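Enquirer: According to Swiss-Prot, the record shows the following:
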type	residues	note
TOPO_DOM	23-851	topological domain 'Extracellular'
DISULFID	91-102	disulfide bond
DISULFID	166-175	disulfide bond
DISULFID	194-207	disulfide bond
DISULFID	209-218	disulfide bond
DOMAIN	274-304	domain 'EGF-like 5'
DISULFID	277-285	disulfide bond
DISULFID	279-292	disulfide bond
DOMAIN	312-347	domain 'EGF-like 6'
DOMAIN	401-436	domain 'EGF-like 7'
DISULFID	411-424	disulfide bond
DOMAIN	487-522	domain 'EGF-like 9'
DISULFID	577-589	disulfide bond
DISULFID	624-641	disulfide bond
DISULFID	669-677	disulfide bond
DISULFID	671-684	disulfide bond
DISULFID	712-720	disulfide bond
């Protein structure tokens, strides 16, 4: 076949060379090169296949029969591509075809010249440049461009005279000088507008501001919170400190140090912490005011004074509880009792009640019912409140109360005083602790508990609540107006108003109806006036006065309108004012012709249009000015520029000043706490630690930073700084995020206080309180349990007898000599024991415990032996399963009418220990029927592309019902990448997250009911598998290998490889779906009269060989 194609290929090559050689080969600008092209040929090759035979062996499980393999070869055909070469002529680089010659090409057109070589122009006389387009370049001038220009700073040079044309910002003969500091621009003629010592750019006039200033002309100070060059530096001032706009130096409130971030150190206060505190006795000084916060027991401006008698504690705010003349300690409030008293507050008498004297042998002479106590030493009676006298048998005199009736009553306004408590019992109309306050307006009676019902300003009696009405009112609660025609107090006076005038119930003054006047409303309005009190003047032009009540003009004949000033009514014109005007936008209408006279800013026959953009005013005759920052042209009526928010000025070219924003800069910025205000909308850009529309709200708890976007990471109740997120720990915690307890031995705020616990006691890291170990007590656990007690908190009582001692921790009894036992309650005989020894009998180990432990050990050994036997059994069973056959379907490529060629799959998909079967003679045996449940497999794809299924136009529900099918391959089946996880035509091999291999493993397949007879080629027919869904009249082919499970030999489908593939010579077919979708077939599987001879149909069944155990031959592996 190869020899027959040689002359034909040579002839084709010669023709192609002749067609491509149209250029003149003698042209020196013609170049040639070789190009390659492909020709399809058909060639033969030796195709290996695996043949199976049986031998006798010692395999008991297979009845002493073993399967062996050998590799055989047969001749097969395949199509291939042969690469040919031919010479091709073309123009050399830089030339292009023009007829049969190659001419040079210039990328840029030669304006005044011609192209003589690639990208090379030959200019005409008098021109220069790469494209002959300019007389001289910018650096040369004069005849033949022979003189070099002397201009500097990008200045232009006159090509004729050589004079320099300076760029903006420069001047001088050669443009070597910059504009001075006050000018800029072309010829340095524009005046700089910079302020506050700013530098003006010599070209653009842009202002470079001095430190501390900003704005277009450096006219504004840096905004709050900024300072320095271009206001780019952020002020470090905290806690209300004010930053200098130039240096950034902080002016701090009193009590703050460097950058206002740290409070004054201990002992200092005031501005810049310059003053020294003067507090004594452990008082703490306020860092801002220097005011002393005194320690417990002291008071005064500098904490120099002890608490007054009767008070103690911090701020001397607590009252002493000491009684019976005891002295109170000003720091802790502890009581120092007088002789004869005891107790925490000295409230307990040493003598029993009713007794006194050094030996408590004398009886108190006091009245027991009225006496609080009897002095335990002197027997003096201390009377209860409300009683007095030597023996407490006299009541208090009027005006006195309390202990010994020494307190003076403070009751006023005739109130009674309670003899015991001194409480005032007020008379009706008064209240307060001393009855000095009269009942407030609206209340009356005892303790002012009753509410007055008086209305309309009536006065309520604080004693009985009776109402005194104001003028114009009457009734019990003064809620009724005076009857019509009456007025004054008690409604006793009569009104004198006429013509419907109203009478004021308070003063009787008349209020006249419109059109009347006078004290009694008995006079008409004068001519030319009308309305209430005749205060309004008639506004009539052509009228005979107006109505005295309404002011309506009485128009003369021939006039109309509200003021009688129009010939016709408003909006009408023509004969008898019978036509309506059609003018819009407040335009006036001519009464005789109806023509519209437009208002300023409008135009059109009916004034329906506003002025065109760019003009305004009367008849739209004025031109608008140039509005810089505006929504559009000027206002069509006024000609004013409508500035965008944030700008102002006649031309909208000025930014709103600091503190202003919005339309016409009419809004006032509300930003606080160093927030920056936008001149456009007034929105605030808040300083870190603040949020809100006006930056007035601090960050919510747990947030910090700009816009509070950061989340605090402080723990255990720590305070988080809203500015930088720094954690300030509560008592008992430390660390960057307050997650660490105080170190062992320390507690409290900042963990600076040392624990005082002893004897191994635990110290609370927050309060420092000691938790004692067993056997100890006391504030610092410094004391052992007292004799007779033991245990936690020393709350347990020892139970030892015979004067024995008890261990303060465990309560164990230490027996004295001669005693023994747990409680030392047994006589010890003659055995002398140490008084501190403690004996106990050892408990013998029971024999049943030893037996139980032995039985458990034996049981564990038996379980391990059974588990080992089970593992050995499973491994043996798996070894048997590896030799069972399975069936796999593989597509082939047609070569000719006698042979089929199996295409290769990627080597990575080869499975080890696979056994394959071939069908060299194709003996058809009895057809086998697959189990009925195989038809219900919900898949249309086989694993690893052993069988490709075309599902392109098949609905999912219909796929399950189709049984007969032929496999197809995509056109690019040779590309290994398409066989990874996709089936034919890109159909995914996975279904609901499972691969087909996993799904097939889980299906309950069973072995075929067919029997396989032992012969040289014992083939059996296998029915076409139900996974093929598209109907066809012809079939593919299959190849078989061993499965993974012995009990379902046809259940699992594995990948194949070129090394061990065995192909059945069955014709490839094209599915009905592929035929519809691929009319222009160019792939290796297209059918044509040459590929498919007559009578090439093969039935839809496949042959099966028995299994074998031999491995593939080395020849197959190398293949």
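The count begins at 1 with the first shown residue.
The backbone N, Cα and C atoms fix where each Cβ goes, glycine too.
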Enquirer: Applying the under-8 angstroms CB criterion, which one of 274-304, 401-436, 487-522 scores highest with the domain 'EGF-like 6' (312-347)?
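Expert: The stretch I would name here is 274-304.
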Enquirer: Which value does the mean pLDDT take for the domain 'EGF-like 9' (487-522) in this predicted structure?
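Expert: Across the residues of the domain 'EGF-like 9' (487-522) the model's pLDDT averages 86 on the 0 to 100 scale.
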Enquirer: Which one is it, among the disulfide-bonded residues 209, 669, 677, that lies nearest to residue 194 (disulfide bond) by Cα separation?
Expert: 209
Enquirer: Checking distant contacts: for the domain 'EGF-like 9' (487-522), what same-chain residues at least six beyond its ends satisfy Cβ-Cβ under 8 A?
Expert: 469-474, 481, 530-534, 547-550
Enquirer: Hey, which bits of the same chain come close to the domain 'EGF-like 7' (401-436), Cβ under 8 Å, at least six residues off its ends?
Expert: 372, 382-388, 394-395, 444-448, 461-464
Enquirer: For the domain 'EGF-like 5' (274-304), what are the same-chain contacts with Cβ under 8 Å, counting residues 6+ beyond its ends?
Expert: 253-256, 263-264, 266-268, 312-316, 329-332
Enquirer: Specify the count of other C-beta atoms within 10 Å of the C-beta of residue 292 (disulfide bond).
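Expert: Residue 292 (disulfide bond): 22 neighbouring Cβ atoms within 10 Å.
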Enquirer: Treating G and I as helix alongside H, and B as strand alongside E, what does DSSP give for the domain 'EGF-like 5' (274-304) in helix, strand and coil?
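Expert: Summed by class, the stretch gives 0 helix, 8 strand, 23 coil.
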Enquirer: Run through the Cβ atoms and count how many others sit within 10 Å of the one on residue 411 (disulfide bond).
Expert: 23
Enquirer: What does the DSSP secondary structure composition of the domain 'EGF-like 7' (401-436) look like, as residue counts for helix, strand and coil?
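Expert: Grouping H, G, I as helix and E, B as strand yields 3 helix, 9 strand, 24 coil.
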Enquirer: Return only the integer: C-alpha distance in Å from residue 218 (disulfide bond) to residue 677 (disulfide bond).
Expert: 18
Enquirer: On a simple 10 Å Cβ count over all chains shown, which one of the disulfide-bonded residues 424, 589, 671 is most densely packed?
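Expert: Checking each of 424, 589, 671, the winner is 671.
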Enquirer: Report the DSSP secondary-structure composition of the domain 'EGF-like 9' (487-522) as helix, strand and coil residue counts.
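Expert: Residue counts in helix, strand and coil order: 3 helix, 9 strand, 24 coil.
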Enquirer: Check the Cα distances from residue 279 (disulfide bond) to each of the disulfide-bonded residues 175, 285, 424 and keep only the ones within 10 Å.
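Expert: Hits: 285.
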Enquirer: Within 10 Å of residue 277 (disulfide bond) (Cα to Cα), which of the disulfide-bonded residues 292, 589, 669 do you find?
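Expert: Near residue 277 (disulfide bond) by Cα: 292.
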Enquirer: Distance check, please: Cα of residue 589 (disulfide bond) against Cα of residue 207 (disulfide bond), rounded to an integer number of angstrom.
Expert: 57
Enquirer: How many whole Å apart are the CA atoms of residue 669 (disulfide bond) and residue 411 (disulfide bond)?
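Expert: For residue 669 (disulfide bond) versus residue 411 (disulfide bond), the Cα atoms are 59 Å apart.
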